[in-house]
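The domain 'Kazal-like' annotation in Swiss-Prot covers 6-56. Annotated disulfide bond per Swiss-Prot: C8-C38, C16-C35, C24-C56, in sequence order. Per Swiss-Prot, N-linked glycosylation site is recorded for N45.
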Amino acid sequence: LAAVSVDCSEYPKPACTMEYRPLCGSDNKTYGNKCNFCNAVVESNGTLTLNHFGKC
């Protein structure tokens, strides 16, 4: 099983678009898009990871 990852090096960003491209985090929460997910990754100090693309 290949690990899926997202490059969050440009984050955090102060505002995210409303674009809906869901990602499922390691906390089993569905994030609406990469921006929302990456902001959460930064807030978690890198403990949050990507489970898979799409809804959880």
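Yeah, the Cβs are placed from backbone N, Cα and C, and that goes for glycine too.
Positions of Swiss-Prot features highlighted on the structure.
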| residue | record | Cβ neighbours (10 Å) |
| --- | --- | --- |
| C8 | disulfide bond | 18 |
| C16 | disulfide bond | 17 |
| C24 | disulfide bond | 18 |
| C35 | disulfide bond | 20 |
| C38 | disulfide bond | 23 |
| N45 | N-linked glycosylation site | 7 |
| C56 | disulfide bond | 13 |
Check C24 (disulfide bond) against DSSP and tell me helix, strand or coil, would you?
strand
Can you work out the mean pLDDT of the predicted model over the domain 'Kazal-like' (6-56)?
95
State the Cα to Cα distance, in Å, between C8 (disulfide bond) and C35 (disulfide bond), rounded to an integer.
8
Using DSSP three-state counts, the residues of the domain 'Kazal-like' (6-56) come to 10 helix, 9 strand, 32 coil
Expressed in Å to no decimal places, the gap between the Cα atoms of C38 (disulfide bond) and N45 (N-linked glycosylation site) is 11
Integer Å distance between the CA atoms belonging to N45 (N-linked glycosylation site) and C16 (disulfide bond)
19
Any idea what the Cα distance is from C35 (disulfide bond) over to C24 (disulfide bond), rounded to a whole Å?
13
Reported as an integer number of Å, what is the Cα distance between C24 (disulfide bond) and N45 (N-linked glycosylation site)?
17
